[in-house]
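> Pasting a structure here, questions to come.
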Amino acid sequence: MITENITQHLESADKVLISASNGLSIAEGFHIFADDKNFNDYFSSFKQEYLIHNIVEGLFYPYPSELIYWKFYSKLYQYFLADYQLSEVMKHLYELISDKNYFVITSNIDNHFEYSGFENSKIFEIEGNCKTAQCARACHNKLYDISELLLKINNNLDDQTLLNILPKCPRCHGPMAMHIETNHYFIKQEDWKLQAQAFEHFIHTTKEEKIVVLELGIGSRNQLIKAPIMQWIQQRDNVVYITFNLAQEIFIPLAIQDKSLSVPGGIAHNLSELVTFKRQGKGCTNEY
């Protein structure tokens, strides 16, 4: 039974690496490529005015002014974080690994891992997140948490008031931008670099340590996270790779098939099944 097999691997693991992308967000109900009800509830004005049909289009849209740019990103912050209710998906994932030595690498920009209780020092958001800003021209490397400012911008203030509070770079006094990788100015120094170094340190384990990789919702052709981790797994002996995804998105290279497990189907359902099995094994039904 695959549920029992996965549970045994997690219990015996010295370390658990979680790699996650868009499929995990979809399991939570957040689909950045969809023109769905959520998108229309939050971004209908941008759809009407600029013909933006999903969040990804909004991230890359050349807005006509700083004001419109920040109106979009304040809505994005509201959608991803300010209005976020902790999902069963993230509750279950955290319950599965909270007692392990874990690390998370993700291309999701929603910041849901940190919000859900995962330690910030154990998360590498490789493409940034929706609450952190940088100088738009990368004149310096410092990153800034602008959560409170994004809430103010989203508070239906008049445009003149908004113009007076838009973020400006404290060094060059030029515009700022979200620290999300949409162009070549994306900063990969200081805070981002520390996250990257923490990830590298985590995966360079001794040969005796068993590491389990939980891959959640990463597409079969992903080159940002999946491809390098596949290469790393191929070079290690004491590793188990477990991929959760829709059946058509699961890809396991021949070279690592003997140390891999696939869990096709809905991520939410499969994580729930694992948590239920884990609780039964421990004789408890405690909630997160």
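Quick reminder: no glycine exception, Cβ is built from N, Cα and C everywhere.
Where the annotation comes from TrEMBL, it is an automatic prediction and has not been curated.
According to TrEMBL, the protein has these features:
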type	residues	note
BINDING	Cys135, Cys139, Cys169, Cys284	Zn(2+) binding site
DOMAIN	1-288	domain 'Deacetylase sirtuin-type'
> Please list residues from the chain of Cys169 (Zn(2+) binding site) whose Cβ is under 8 angstroms from its Cβ, counting only those at least six apart in sequence.
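Once residues fewer than 6 apart are set aside, Cys169 (Zn(2+) binding site) is near Cys135, Ala136, Arg137, Cys139, His140, Pro175, Met176.
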> Report, as a single number, how many Cβ atoms besides its own are within 10 Å of the Cβ of Cys139 (Zn(2+) binding site).
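Around the Cβ of Cys139 (Zn(2+) binding site), 15 other Cβ atoms lie within 10 Å.
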> Over all shown protein chains, what is the count of other CB atoms within 10 A of the CB belonging to Cys135 (Zn(2+) binding site)?
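25, counting other Cβ atoms within 10 Å of Cys135 (Zn(2+) binding site).
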> Along the domain 'Deacetylase sirtuin-type' (1-288), what average pLDDT does this model show?
95
